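Down below is the structure, laid out as C-alpha cells.
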Amino acid sequence: MSQDSFIPQKIVPVLVPMPAERPYSYAVPDGMEVKAGSIVRVPLGPREVAGIVTEGSTDSIDAKKLRPISELFDCPPVDDGMMRFMRWAADYTISPPGMVARMVLRVPAAFDPEPPVPGLRFSGREPDRMTGARARVLELAEDGMAWTRTGLAHAAGVSATVIDGLSAQGVFEQVMIPARPIVAAPDVDYAKAALSEDQAVAAAQLAEAVSADGFSVSLLDGVTGSGKTEVYFEAVAKAIEKGRQVLILLPEIALTQQFLDRFHDRFGSKPAEWHSDLAPRTRERVWRQVMEGQVRVVAGARSALFLPFQDLGLIVVDEEHDPAYKQEDRVFYNARDMAVVRGHIGNFPVVLASATPSIESQVNANQGRYTRIRLTGRYAEAAMPDLKSIDMRRSPPRPGGFLSPALVEAINQTLQRQEQSLLFLNRRGYAPLTLCRVCGHRFQCPDCSSWLVEHRFRGQLVCHQCGHHEARPEACPSCGTLDHLVACGPGVERIAEEVEKTFPDARIIVLSSDLMGVKRLRLELDAIARGEADIIIGTQLVAKGHNFPNMTLVGVVDADLGLANGDPRAAERTFQLLSQVTGRAGRTGKKSLGLLQTYQPDHPVMRAIVSGDAQAFYEREIEERERSGLPPFGRLGSLIISAATRLEAENHARALRRAAPTSPQISVLGPAEAPLALVRGRHRFRLLIHGTRKADIQGFIRATLAAGPKERGSVRVQVDIDPQSFL
Ligand code: ADP
Ligand code: ZN
C-alpha cells in the first residue's frame, strides 16, 4: 500500500450475529457517528445483517477488503452495562461473542422507530347536521385530542362510518400520532397490599436493598402460598419509584396469566410480557419500548435478560431453582446465575425467590454472600397440606391400573366435598414404551436412542427428543404378529383413562403441552381456577405458579420418577418438584391433602416431603455435595461431542481428551457415550470436566479446544459450563 493514496478511514469492530471468534471490522462512512453500542446494518457476504458496534482494537486490515457500514439505525445505543454483560456472558459460557449479540438482536424490525399511526383531530368545523351518534363523537373529540379512527368510534360507541361521514365534511383533520405504549405506566400507589406482619418485615428488607443502591442478592425463601409475590412487589414498587426499570423472570410466563393479573391489581397496569409465544410484532414493540425506556417493568422468560434495558435497577428471579432457567441451545447459560452477574455489573439489587431454593443459593445464603429473607407460614388462614406417602408395595393398584386404592378413595372423598383433585405425572402421552408381546420388539426412534411414546389421542408413536412420529401399527413390524402390541407404563393420557373408568361422572381435564396450544392451556387453567373441573391430570406445567382455590387434593402418581437417573441433582430436583406440586393444594384455608405414590417411602426425599423437614434434607444434600466436591463446592463443565457417525464422535472426543492440559485442580472424566447416545441422527459423546471451587474451568476448556483437533466434517463440540443436564 503506498503511503500517499491511502487515507485511513475510521474503522470500528462490529459484533455480527455469527459464531465468529472476533468482531468484524467495518469502515465508518463520512458523516456517520457511531459509538460502542450503536446498532448498525452491515454487509456480510452476500447479505446484510444487524450488528452492534463494539469497543477494542480492530484486526489488521486490508483496506481494500474493508466494507463500510450501510446504515446506523435510528435507535438508542445498547447501554454500557449491557455491553459489559454481553462480553462477560460470552467469556463465561465460552461462546462466540457474536452469538450472544444474536440473542440481543433477534427483533430485526425493532431497530427503526415505530412509525406513527394516522389519526384524526377535531378541526373546529361543525357538521352540517347533528345526530345523536355525531354528538357523542364530538363530545369526545372537542378537546382537540388526537384519536385513531377506530379508537374514537369504539369510545363513542358508534360505527366507523359515522367517523368517516364527519371526516368527509372536514370536521376532522388528519394527523399522525405516536405509536401507543404497549403497556401503561405502573402506578406504585394504585393498590398497596395489606401485608401480614411477617410479610411486612420481609418487604421492608427488600425495599431497603433497593433503596440502598448498589449490588446485593436477597434470597426470599418462603413456603408455597406465603405471599412471596406480594412481598417482592414492594421491592418492584421501590425501584419504579426511583425511576429504574425492573425485570421479573418467571419460568413459565406464557402460562402465568394469573401473575399478570396480580401485577395489575397492585400497580394498575400489566407489565410488558416477553416470551417466545408473543406475536412477532408485539415482540418488536416490547423490545423497542424497553430500549427507549417507555416500558418500566418486564415479566419475561430467561431470554428477557438480553433485552436492551436502558436503566435496569432490579431483577427478580421467581422460582429461582427452576430448571427452565437453563438454556441448552447454542449459548448454554443459566438465567438465574446470569441475573446475578447482570446485577453485579449494573450495580443494582437482585432478588431470588423460591419455596425450595437451589442448593447453590442455599449455600450462598449460608455463607453470607446472599441475604436470606424468610417467610415461614402460609398467608392468612391457609394451612399447608397434610402430606403422606402411599407405599405402593403394600397398597398396589389393581392389575392394569396405576392408582392405589388409597388414592382412589381420597379422590372419591374430595369429589363428595365438591372440591378439586390434581393428579400429577410428569410424562406426556399414553405410555412411554410399546412392545410386542410375542417377539419382544420395542418401538424406538430411528434417529434417537429413545423409545417412542404412544400418544393415543393422536393415534401416534412419538419421539420426545426429536418429534419423529409414526402411526401405531396393528402388527409388529418385526415378527408380523397382529394385535399383540402392549403399552408399558403410564403417561397422563393413560391415567385419564383410568380416572374416567373409575369416576364416570366427574369432570376431567388433562393438561399437557402436546394436547393444546398456549391459548387453550390458558383457558383451561382459568376454567380450573373457576372450579369448572373436578379432577385435573397434568404434567409439570400445572405445578408452576397457579392458584386453584378449590383444589384440596394433590396425588403424585409416580413420586419416584425423577430419582432413577444418574443426575447428581436428582434428589434435589425431585424434592423441589414434589414440594411445588403438592403446594398447589389448600391455598384458601380448606383442609387439604397431598399423597405421594412411591415404592421407596424411606427415601430421604419422601421423608423430607412427608415430615415437612426441608432443613434436614438440605443439610444432608449440602453435606453430600461438599463431600463429593460437586457444585457449589466444586465446578463442572461438559463438552458434548456429536457427529454423523459414532466413530467420528468418539475419535474426536478421545483426541480432545488427549489434548487436555494437566492441572492439579481439574480432572477430566470420559469420554463416555452420552446416556442419550443418539439425538436427531447425531451420535454423542461427553467429557466431564470437574474442578475445585477455585479452578479455572473456562481456561482449561479453552486450552483443550485450542490444542485439540478443530471441528471438521460433521463433528460439533458444544460447551456447557455448570451443566444441569448430563444426558
Ligand atoms: P407464593 O408466591 O409464596 O407461593 P403468593 O404470593 O402466590 O405465594 O400468595 C399466595 C396467595 O395468598 C395468593 O392468592 C395471594 O394473592 C394471597 N396473598 C398473599 N399475601 C397477601 C396479602 N398480604 N394480602 C392479600 N392476599 C395475599
Ligand atoms: Zn427421535
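Glycine too: its Cβ is placed from the backbone N, Cα and C atoms.
The domain 'Helicase ATP-binding' annotation in TrEMBL covers 209-375.
Using a 10 Å radius centred on the Cβ of CYS436 (Zn(2+) 1 binding site) and all shown protein chains, the other Cβ atoms total 19. As annotated by TrEMBL, Zn(2+) 1 binding site applies to CYS436, CYS439, CYS476, CYS479.
According to TrEMBL, the feature Zn(2+) 2 binding site maps to CYS445, CYS448, CYS463, CYS466. Long-range Cβ proximity for CYS445 (Zn(2+) 2 binding site), meaning a same-chain Cβ under 8 A and a gap of 6 or more residues, is found for TRP451, LEU452, CYS463, GLN465, CYS466, HIS468.
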Cβ within 8 Å of the mean position of the Cβ atoms of CYS436, CYS439, CYS476, CYS479: remaining residues of the chain near Zn(2+) 1: ARG437, VAL438, GLY440, HIS441, PRO477, SER478, GLY480, THR481, HIS484
CYS448 (Zn(2+) 2 binding site) and CYS479 (Zn(2+) 1 binding site), Cα-Cα, nearest whole angstrom: 22
Collapsed DSSP category at CYS445 (Zn(2+) 2 binding site): coil
Where CYS436 (Zn(2+) 1 binding site) falls in three-state DSSP terms: strand
Listed binding-site residues adjacent to ligand 2, that is, members of CYS439, CYS445, CYS448, CYS476, CYS479 whose C-beta is under 6 A away: CYS445, CYS448
Per-residue pLDDT averaged over the domain 'Helicase ATP-binding' (209-375), given as an integer: 95
Whole-number Å value for how far CYS448 (Zn(2+) 2 binding site) lies from CYS439 (Zn(2+) 1 binding site) (Cα to Cα): 22
Whole-number Å value for how far CYS436 (Zn(2+) 1 binding site) lies from CYS448 (Zn(2+) 2 binding site) (Cα to Cα): 20
Winner by Cβ contact number (other Cβ atoms within 10 Å) across the binding-site residues CYS466, CYS476: CYS476
